[in-house]
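Copied over from TrEMBL:
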BINDING   CYS80, CYS85, HIS162, HIS167  Zn(2+) binding site
Amino acid sequence: MFLSFFGNRSSKTFKPKKNIPEGSHQYELLKHAEATLGSGNLRMAVMLPDGEDLNEWVAVNTVDFFNQINMLYGTVTDFCTEEKCPIMSAGPKYEYHWADGTNIKKPIKCSAPKYIDYLMTWVQDQLDDETLFPSKIGVPFKKNFLNVAKTILKRLFRVYAHIYHQHFDSVMQLQEEAHLNTSFKHFIFFVQEFNLIDRKELVPLQELIEKLTTKDR
């Protein structure tokens, strides 16, 4: 999936790429998803494959979206600086403050690069936690897994929102808008398919979401 959007170019990533172990069932699921994505039908590509476990499907796709956003944000880090983005925003109406509930309990106002660094590091820690994202066959997912995934995806959405609102001109200069749009459309179809993000959280990109999804209804 990841490679189908970005080819083999040596694009820098913001954080190290999260790999799914080759030979594992999750790796097979990722390959299945890549093959379905190749057909160009994103609505079909996000559907739970027959006989598969929803938690595992959500886990594989969450890792993949982390990798995609990681690479997309990596393309604009030169433009997303403390000076240019002193607050983490998605347009003039929406501002995000960071809290993770453990290290930072009270939401803090910070620059976009700082916020996204906190966010991506936090997501990485969740993905690396074998009790939350088990990679070994037979290890069950926790009962609250979908809630954890929902929080991760809700926060990853904010990176898309920031890129679209504050850095789309740079994305266009780099000729990366097709990658960004395809990645975001895939993300939106996925979260809509399984009701993983509340509508109110998606409001900063509502118009774009309607535009990208209407022709596929």
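Glycine too: its Cβ is placed from the backbone N, Cα and C atoms.
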Show which residues of the chain containing CYS85 (Zn(2+) binding site), separated from it by at least 6 in sequence, have their CB under 8 Å from its CB.
SER111, ALA112, PRO113, HIS162, GLN166
When you measure from the Cβ of CYS80 (Zn(2+) binding site), which residues in the chain that are at least 6 apart have a Cβ under 8 Å away?
TYR73, ALA112, PRO113, ILE116, HIS162, GLN166, HIS167
With an 8 Å cut-off on Cβ distance to the CYS80, CYS85, HIS162, HIS167 Cβ center, who else from the chain surrounds the Zn(2+) site?
VAL76, PHE79, LYS84, ALA112, PRO113, ILE116, ILE163, GLN166
